[in-house]
Amino acid sequence: MTISNIMTQIDRVAERYPQRICYQDGLQTYTYAQLKIESDRVAAFLQAQNLRQRAPVVVYGNQTFETVVTFLGAVKAGHAYIPVDSHSPKERLVQINEVAHPAAVLEVVDLPLELDGPQIIKQQALKQVRNQGSLTYDRQQSVTGDANFYIIFTSGTTGVPKGVQISHNNLLSFVNWMLADFNLYEGIRALSQASYAFDLSVMDLYPTLALGGTLVALDKAVTDNFKQLFATLPQLKLNEWVSTPSFIEICLLDPNFNQKNYPTLNRFLFCGEELTVKTASKLQAQFPDAEIYNTYGPTEATVAVTSVQITAALLKKYDRLPIGKAKADTQMYVVDETGQPLSTGENGELIITGPSVSKGYLNNPEKTKKAFFQVDTQQAYHSGDLGFIDDQGLIFYRGRTDFQVKMHGYRIELEDVDQNLLQLDLVKQASTVPCYNDMHKVTQLVAYIVPNANDYTDKLTLTKAIKMALGQAVMPYMIPQRLVYQDKLPLTINGKVDRKSLMAEVNQS
Amino acid sequence: MDNVRETVLEILSDLTGSDEIKANPDINLFETGLLDSMGTVQLLLELQAQLDVDAPVSEFDRTEWATPNKVVAKVESMQ
């Protein structure tokens, strides 16, 4: 199946199968008819608001049907949505507001603060619109072509997040690839666990809706409490699993997480961080009949651009799994530091070029110019990821050219953590480094800090104060687990903090 | 018994990177963000490796493991 327009396809499903379940949240289920009617109402309401044409809107929400309805309503009205998770710290909302200048903020969940600039659509008002608003909106204005569909904010090196603009055409290329290459089927029941503020969630969201399937939500509160998690999981009757490798590692600790107890679960899709041979082998042993796919891709190229099905032969052959081959409409190659293409087997930076590569960062021409360029007429992206391509055309990931790390699937710029630490009165100098385990995975962030003079009598209370202050500004996963205090930090010949020597110190043994 | 306590506190200090575990063994590990889901997984693996305690992940209720003292009590009850 190939589709030509995402919203049209979802509406078509709703017209053909109005009573089918599109979303399940605990015991609560929602039909495709509801999805269409409520998103039409949100679209009609937004078009009546006289918002700046094509300006993005923030959707402040959580893992619920209402959040998805609001996304679709915005796109139908002609506005890209910026998903912000209600678990985010306040400062992140302020930063996103400053960068994006959204025309409106739609509260699926009440905002924790006042924001200057955008029109605020209150939670209560939005609810009323969904329940009884007008259904008529102008489809000519809906997002299509190169117009932005969503904008997802990701860690930036200067302490300010960057908004990756994904157009309808970008997303369409991604969704059509998902429908073609992963053996997914009509009416599939897919896990919707990743936060909608992360693009991993797009891997379940749009392919599932295009297939007339059911998104089965798993809320953070359930995911966090293992007893509840394992009581809930078997009841979800999933067919398709989408998550980071970190999340499946938790689930694999339960010996009852196997094919016998989950007879309908037959597709596993991973993205967001390295899938290790150990994890994949264990999964295969517990689900011998399931299809397991490893994928790779930066947010800037729309969720994922390479894939490979993990087989017993593959697991036997490699110590570190390949990330696979680029999707049919996309080319990938490897370059050296000067941008010269390298040959088979040589290690260098991975370049991605194709129709799912973003036009760049919102309102940030400088960073856009640094990371994006054009090859012929195609958009191309410097991934900053190191790797090589073997003689079979399989691509392998081997680390980063810079100081970006992935921890439990979260993308973190170490410089971003440093910059936010430096904003604090207590901190004079800071350098954050990752601590790796023997599987090349980051397990902890360690911040080396030169503190300013302060009244704290011991490290415990100082650490507590710094972590708490940092927590006001950054996402919880960006807070270093360990703070190490020093009188000064080692410097390179150029007089910069020598992060590499600190990394060596943390990772010795 | 004291040995178990020491080992548990050592594991927790190591995982969280915080001396606070020993200084304040009634601190809430989850509310303070000292331990997240992945940290919890590490904890269970370490308890198994170092103390031969097999705590089934499917029985893991956060409220019963919320503080270092509670973790110690839980481990002692399982030995």
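One is the number of the first residue shown, and numbering goes on along the chain from there.
Placement of Cβ uses the backbone N, Cα and C atoms for every residue, glycine included.
These numbers come from a predicted model, not from an experiment.
Features of the protein shown, as given by TrEMBL:
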type	residues	note
DOMAIN	B:2-79	domain 'Carrier'
MOD_RES	B:Ser37	O-(pantetheine 4'-phosphoryl)serine
To what whole number does the mean pLDDT across the domain 'Carrier' (B:2-79) round? 89
Can you name the residues of this chain that are 6 or more positions from B:Ser37 (O-(pantetheine 4'-phosphoryl)serine) yet have a C-beta less than 8 Å from its C-beta? none
With DSSP as the yardstick, break the domain 'Carrier' (B:2-79) down into helix, strand and coil residue counts. 52 helix, 0 strand, 26 coil
